[in-house]
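Worksheet for the structure shown next.
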Amino acid sequence: PSAAITLLCSSAAAVVVWKWLGKRQIQKKMEEARRTRDEGLTKMAKIVQPFREQVPNVETDAILSLPLLELTGRLREGSLSPKTVLYTYLGKALEVTQQTNCLRHFIPECEEQLQEIQRQEDKGLLYGIPVSIKDHIGHKGHLLTCGLVQCLDTVAQEDSVLVKVLKKQGAIPFAMTNVSQSLFSYDCSNPIFGQTLNPFNHQKSPGGSSGGEGALIAGGGSILGIGSDIGGSIRLPSSFCGLCGLKPTAERLSVCHTHLLNVHMCSHLTPVPCALGPMARDVDSLALCMKALLCQEMFQLDPTVPPIPFDEEVYSSSAPLRVGYYDTDGYFPLPPCMQRALRETRGVLEAAGHQLVPFSPPRIHYVMTELFLKTFFADGGRAWLDVFTGDIVDPSLKSQVNDCKIPRLGKKLLSLILKPLQFLFLLKLRIVATLSACRSVKEVWKHHHEIQVYRTEFITQWRELQLDVVLCPVLGPAFTIGYPGKLLTAISSTMLYNVLNFPAGVVPVSTVTEADEEELKLYRGCCDDPWDRTLKQAVAGAVGLPVAVQCVALPWREELCLRLMKEVETLSQTK
């Protein structure tokens, strides 16, 4: 017996030591990644310092204030040099990341690209424009981390197609921005590089997973950025940070050589694919970026992208639009300020001569539970759990990770127990989502078919009303840090258009007022349950923060979506 006890104690001690060594190894890799990031920022500061000593602040402030269209004009005519513009934005990006922790890595090759564009005979549409890119968009020689320790050895062997096209058009990628861990959260935090803050209020989240882009652009450290969106990851940071952001039809821009975790969820084979798209301070910047990217270079490098150039005529048209609208999707009631924004936008559009038509998206509860969540948890969440192997789980994801770890029988029992308790609806939904795995190939194909059926139903309803576009809400204003992880299913407003694969964009139209804050005190949501109260807490204290609306068009009609966004932007600014 004593020998058995000794053996047992020795085994237990060995397990403890083994686990400690594993955690220590993880910590070392994380520390090394942070050290590399900090060394890059130090190098960035050294490059910028001589420039700052030579160029007065008044000149750099003037450059930073220029809209993208005017800046490209000045660069092309030669009244501004690409070097001056690049170093101006490098300096500002350093300031912004010191305040918000938005940069994941500096791209030192930007100086080589600066020399390269000055040798080019043809000046591209983005000649001399510094561009920031999201962490997982490939740039040769740089890590694609997705905020995960297991990806700290994943170095891009070549530029992604999108980066190649940006460079061909004269743009200068200069920084990679921070993301939420595994890209599966609309906060922006991971254990390696930490929490990114909203530049307007450091108690608030910038949104996610493209939150680093949102914070950098909103803080003035970038004039144009590229994000990705599979549930709202471009549109939610745009809403939280007061930017314009476009999620195109997924296949409109190439995702080649972009690191997509859980390929079974993100590839073109899945019914809810990932889309790359631009983020900027105004709609014209998005349109210029799309026009630059939708070029022959893109179509040649990636033959899977349909060769459809940007339709300037549609974007520039002044013809009245027939606009469908809804104030709520009936699934997750949004705060009073977001409802006010939609109501006011509807009014200015109508006053400008556009026709507004009530529209009710069908069966949102079904879309959320049976289509969207089931897509991501088709295997009960097992593949998603795999990406956290040998990793530390970020606090914003712990509840979802823990749900996935519950054995199937446990999930089933919890689902039955919670069924009669409506006030625990969202907890039940999370359990059911990870329970409702597709248990056979036949079920997978059935699920794909159900999404196609729903898309057909939605388009039929759209066409019966003869709509050009739709105006609808978007989640906001910016949540207090830590709350996105508590309200995963609050993203129904953006998620719907990922399931449908429709182009959708966000444009800021107002800010939260004192009156909005007072009205929030009376907010009851759907049934004044714990989840409605959690949302109330999440958005409280947001006076002065941006308020946005969402604009949507049918697939492949990005120009029409941008046309509505531009109309909303112009009328809101006039108002």
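Backbone N, Cα and C atoms are what each Cβ position is placed from, and that goes for glycine too.
TrEMBL annotations:
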type: DOMAIN; residues: 85-562; note: domain 'Amidase'
type: ACT_SITE; residues: LYS134; note: active site, charge relay system
type: BINDING; residues: LEU183, SER209, ILE230, GLY231, GLY232, SER233; note: substrate binding site
type: ACT_SITE; residues: SER209; note: active site, charge relay system
type: ACT_SITE; residues: SER233; note: active site, acyl-ester intermediate
Chain-internal residues, separated by at least six, CB under 8 A from GLY232 (substrate binding site): TYR186, VAL474, LEU475, ILE491, SER493, THR494, MET495, ASN498
Residues LEU183, SER209, ILE230, GLY231, GLY232, SER233 [recorded substrate binders]: greatest CA to CA distance in Å: 11
C-beta crowding around GLY231 (substrate binding site), within 10 angstroms: 28
Mean of the pLDDT scores, which run from 0 to 100, over the domain 'Amidase' (85-562): 91
Distance from LYS134 (active site, charge relay system) back to LEU183 (substrate binding site), taken between C-alpha atoms, in Å: 10
Which same-chain residues, if any, lie at least 6 apart from LYS134 (active site, charge relay system) yet have Cβ under 8 Å of it: MET176, THR177, VAL179, SER209, SER210, GLY212, GLU213, GLY225, ILE226, GLY227, SER228
Check: same-chain CB within 8 A of substrate site center, minus LEU183, SER209, ILE230, GLY231, GLY232, SER233: PHE184, TYR186, GLY208, SER210, SER228, ASP229, ILE234, LEU236, CYS274
